Amino acid sequence: MTIVEVDKGPTLGMRHVQALLIFLNIVVVYISRLNIGVAVVAMTNAETTNPNFAEFDWNEKEISYILSSFYWGYVFTQFPGGALCKLFGAKLTMGLSTFFSAVLSAATPAAVTWGGWQAFCAIRVIQGLFQGMLFPCIHEHLAKWSPLQERNRLGALSHTGIECGTVLAMAITGLIAEGPLGWPGISYVSAGLCFAWCIFWFIFSDNNATESRFIKEAEKNYIESSMEHAEDFHKKKIPIPWKAIFLSIPFNALLVARCAEGWGLATLQAQIPSYLHGVLGMEIKSNALYSALPFLAMWAMSYVYVLTADILQRKKILTLSAIRKIINSCAFWIPAVGLIAIGFLDEGKKTLAIVLMTISVGVNSGATIGSSLNTIDLSPNHAGILMGIVNTIANFMPLISPLVVGVIVTDSSNRTEWQVVFAISSIIFFVGNLIYIIWGTAVAQPWDAEDFLLPKDAETSSNYETTKTPAIENSKGSSK
């Protein structure tokens, strides 16, 4: 039996450039999103950074508004972002979203000096509105550019920008604030990085392989032939099967899993440090190494997951569905056990507490490969819409979970109250993943088909015409 070698084009082709651009986009927007923690400290306590810049007398309530205001806007544009990407394409939607986010970053120092914390909140809300559109576009773009065999690898590598951006935000913002630029420099550098990304994006990105000026013919054919769609696919708008999506069992299983991830990760990142401080007397947030360890672990583990998944898929050891479920189980169930264990540690086991926290957060990075990228599996044609729906609902979890913690934990030094919080998060992690294991899949759904909403009589008529005119069929290419 002769094995035909598929010509995939250059070793580093335009599909890899798109994945790199997505990685860099996530890095720069995460820096602009997460720089707020250090910025607020520098703005309210100039002596700790650069005393040559203005200092603001904001109370804890006002600071809490500033820190959370980004997400007030962020949760509301996930769904519209998917729709806008469908309408205008990822190139324009992502490009403009990042550009205007950069403009807002650049305007922040002047706006805050003029309007105080209220202006700061307003800018952060609008910035959240723009950045909320990005991840639906990212999934739509990956679906258009990733050959089926490489979809998991390109998607996972590009999403490691989350961990990289988080670590870099923690590493560079403090240095900038202490330097000659002071706290305004945090906003200016963030804006500059986003502007620089926009230049490369508008030059090298395109909505799909057929529109690219730089792609080689072999790579374009490789990408397009792997997707099994009609030749005029990119020129027509596929109607969205809303009812089928919302009634889809695999999609709802994914939605439950992503909500569980949102709740559990919020507990891992926000509540464990509060518990370690209140019960074990550890000042995690003031220790840069302890604060960075979990995110460094996430970054390192994300590449372990990418390599493992790529080997398993390339060698056909497991199906993609099995790979996603196994990795998601590690990402959910290991932290679930870790949360319970941390709740039973006493003051004499502080080192073990740090180790468990670092392992739990690090292992959780597998949720990207395990379930986040599953939107592209279920429906490459509607990946942006699915991501918009999932992220809209899932991003309410980090807003709700602190409120629940506030009701349960009335005394931050009470171990029993924290054990209840961790038990709830562990159960959510466990049940969410169990539902995903039972009903989730990485197989494209019937409602992803281009002709799913085509009236049956029209479909029959179309089949009849193509049967009558095989020459036309051959000239246009098969639609499946």
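Here, residue 1 is simply the first one shown, and the rest follow in order.
Backbone N, Cα and C define each Cβ position, glycine as well.
Nobody curates TrEMBL annotations by hand; they come from automatic prediction.
Features of the protein shown, as given by TrEMBL:
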TRANSMEM  20-43  transmembrane segment
DOMAIN    21-444  domain 'Major facilitator superfamily (MFS) profile'
TRANSMEM  63-85  transmembrane segment
TRANSMEM  92-111  transmembrane segment
TRANSMEM  156-177  transmembrane segment
TRANSMEM  183-204  transmembrane segment
TRANSMEM  288-306  transmembrane segment
TRANSMEM  326-345  transmembrane segment
TRANSMEM  351-373  transmembrane segment
TRANSMEM  385-408  transmembrane segment
TRANSMEM  420-439  transmembrane segment
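Between the transmembrane segment (420-439) and the transmembrane segment (92-111), the number of CB pairs under 8 angstroms, six or more residues apart, is fewer than three, so the stretches are not in contact. Outside the transmembrane segment (326-345), and at least 6 residues removed from its termini, the chain residues within Cβ reach (under 8 Å) are 257, 260-261, 264, 267-268, 272, 275, 280, 305, 308-309, 318, 352-353, 356-357, 359-361, 363-367, 369-371, 415, 418-419, 422-423, 425-427, 429-430, 432-433, 436-437. The transmembrane segment (288-306) makes contact with the transmembrane segment (156-177): 3 or more of their CB pairs lie within 8 A, with pairs spaced 6 or more apart in sequence. Within the chain carrying the transmembrane segment (385-408), a Cβ under 8 angstroms from the stretch's Cβ atoms is held by residues 68, 71, 74-76, 78-83, 86, 132, 135-136, 138-140, 240, 245, 251, 254-255, 258-259, 261-263, 265-267, 270-271, 375, 378-379, 417, 420-421, 424-425, all 6 or more beyond its ends. Most Cβ pairs within less than 8 Å of the transmembrane segment (20-43), among stretches 63-85, 156-177, 183-204, 351-373, belong to 156-177. Only residues 6 or more beyond the boundaries of the transmembrane segment (63-85), in the same chain, are considered here, and those with a CB under 8 A from a CB of the stretch are 33, 36-37, 40, 44, 93-94, 97, 117, 120-122, 124-137, 140-141, 384-389, 391-392, 395-396, 398-399. Same-chain neighbours of the transmembrane segment (351-373): 139, 142, 151-152, 155-156, 159-160, 162-163, 254, 257-258, 261, 264-265, 268-269, 272-273, 276, 280, 282, 290, 293-295, 297-302, 305-306, 309, 323-325, 327-332, 334-335, 338-339, 341-342, 345, 436, 440, counting only residues six or more beyond its ends whose CB sits under 8 Å from a CB of the stretch.
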